[in-house]
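Accompanying notes for the structure given below.
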Amino acid sequence: MVGEEKTTLRKRLSKSREDSEENEDQRSPSRGSLETASNGRINLKQLMAKKIQLTAEAEELKPFFMKEVGSHFDDFVNSLIEKSASLDNGGCAITSFSVLEGENNHRAKDFRAPPEHGKIFVLRQSLLDELFEVDHIRTIYHMFIALLILFILSTLVVDYIDEGRLVLEFSLLSYAFGKLPIAMWTWCTMFLSTLGVPYFLFQRWARDYSRSTHPLVHSLFHCFLFMVFQIGVLGLGPTYVVLAYTLPPASRCIVILEQIRFVMKAHSFVRENVPRVLNSAKEKSETIPIPTVNQYLYFLFAPTLIYRDNYPRTPTVRWGYVAMQFLQVFGCFFYVYYIFERLCAPLFRNIKQEPFSARVLVLCVFNSILPGVLVLFLTFFAFLHCWLNAFAEMLRFGDRMFYKDWWNSTSYANYYRTWNVVVHDWLYYYAYKDFLWFFTKRFKSAAMLAVFAVSAVVHEYALAICLNFFYPVLFVLFMFFGMAFNFIVNDSRKRPIWNVMMWTSLFAGHGVILCLYSQEWYARQHCPLKNPTFLDYIRPRSWTCRYVF
């Protein structure tokens, strides 16, 4: 197949060359007339005509060239994956990819080995780092910077006109990150407990497993202790602190998102190492495969949720790159602030004193689409690109594929796989694959449904705790509409129209989310209840509250 395509490309090139020579023979009687005129000077008119002709031919051949090079590269990568997947790497990460001679491939399908081996890590850059080397793509980045400058100028001008002076207060940011020391102390407690308890329990279980007279009882006892730690210490503890100390939204997000991350990290560490100890005991090996504390500590900070003893590492740390990534994260924070200040706050503060209705909802949703989309892009760029790349660079973590080209997705199935590769890998290997292993491979649809349910519940839990109210908009959109689109708009949809439909539904969905949650937030701020019951916390107040400003 590759040979045939090479022959085809050669035929096109040779045909183009022959046509070029024929045109040259027809247009110019002699080769010398192209280069010089009778007086010995270059004939610029003929030279420009020749240049235009060659440019047109190059543009004509470019699509064929790119298409065939891409197909050759895909065939090469697929063949390479098949060969690498057949190797038994013993659970270790691949630390070099010399066949590609240092080139990083972000468009490879998965680099996944068979399920018994798990995810394979390789050296590769993030996709945006590669795309930003192209001037055309970097211009889009410059457009967002220009839009931020306009937001800043708009805020300053409006404040100057209204107040008669420049108001440089960031009241929204200071409120959102209030009580930050409590959040930091809570994080330190979570980190130290995650560092000590799971490692200690696993180490004690692994060393005593082979010598135990009742290994099953021994394993169940330590499994019970681990579950108590996951649910009681990491689960209920941080949630109680957040609610008891009434932390503001951003401080709550820090605690809750880190809580979820530590739970997933601890599970991955145990899930990856228990089978190794069981295999060692089965083979009656004298050495027990217990990772070192340094390996576990590195994993807790590494930008991945899949545990390995070793990861591919870059040779040096580019501290200028790290500083730039953190600077962009802070820039995104201020960007979101100005979006809420200029686009969201005026929208919800100026809602007329009228009851909740379909008219109010429709106007709110369409007015929320633009800020919702901007927040989506900024969240993706700030966290999945800048934040994770900054930590990857500081830790010399080589595998930077935290996301794929999700913007090119023509199906929601592909979007879910490519939007957040870090979380998707955890759900794929520890939820989907383990479900199939436990219930056999005949229940693939049930396994996918279970993964959607787990993801939807966790997302809704995080939003409910961070916003201090339960309003299952995201759960309904994710669990029902998202799951339906996953089965209906599947990978068989390849035409560009499906990419347009995906973007349209994605924009509309984020408009609905921003509108409904913002309405509920303002309703609970301006229509408080004196003695709220439990039902008042879960009953939408925006449906009955009449805003009074």
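Placed from the backbone N, Cα and C atoms, the Cβ positions cover glycine too.
Taken from TrEMBL, the feature active site applies to H459. All protein chains included, H459 (active site) registers 16 other Cβ atoms within 10 Å of its own Cβ.
Annotation comment: TrEMBL describes 29-39 as compositional bias 'Polar residues'.
Marked as region 'Disordered' by TrEMBL: 1-39.
Here the transmembrane segment (140-161) has long-range neighbours at 132, 167, 331, 334-335, 338-339, 341-342, 377, meaning same-chain residues at least 6 beyond its ends whose C-beta is under 8 angstroms from one of its own. Under the heading transmembrane segment, TrEMBL lists 140-161 (among others).
Residues annotated as transmembrane segment in TrEMBL: 181-202 (among others).
Taken from TrEMBL, the feature transmembrane segment applies to 223-247 (among others).
Tertiary proximity for the transmembrane segment (319-340) is limited to same-chain residues at least six positions away from its ends with a CB under 8 Å from its CB atoms, namely 144, 148, 151-152, 155, 170, 172-173, 371, 374-375, 378-379, 381-382, 385-387, 389-390, 393-394. According to TrEMBL, the feature transmembrane segment maps to 319-340 (among others).
Annotation comment: TrEMBL describes 360-388 (among others) as transmembrane segment.
Sequence-distant contacts of the transmembrane segment (446-463), counting only residues of its own chain at least 6 positions beyond either end whose CB sits under 8 Å from a CB of the stretch, comprise 253, 256-257, 260, 427, 431-432, 435-436, 439, 470, 472, 474-475, 478-479, 482-483, 486, 517. The feature transmembrane segment is assigned by TrEMBL to 446-463 (among others).
The transmembrane segment annotation in TrEMBL covers 469-488 (among others).
Residues annotated as transmembrane segment in TrEMBL: 500-519 (among others). Outside the transmembrane segment (500-519), and at least 6 residues removed from its termini, the chain residues within Cβ reach (under 8 Å) are 344, 347-348, 351, 356, 361, 364-369, 371-373, 375-376, 409-412, 415, 463, 467, 471, 473-474, 477, 481, 485, 489, 542.
Here the transmembrane segment (469-488) has Cβ contacts under 8 Å with residues 412-413, 416, 448-449, 452-453, 455-457, 459-460, 463, 505, 509, 512-513, 516-517, 520-521, 524, 537-538, 540-541 of the same chain, all six or more residues outside its ends. Long-range contacts of the transmembrane segment (223-247) within the same chain: residues 178-179, 182-183, 186, 189-190, 193-194, 197-198, 201, 255-256, 258-259, 262-263, 266-267, 270, 465, 468, each at least 6 residues beyond the stretch ends and with a Cβ under 8 Å from a Cβ of the stretch.
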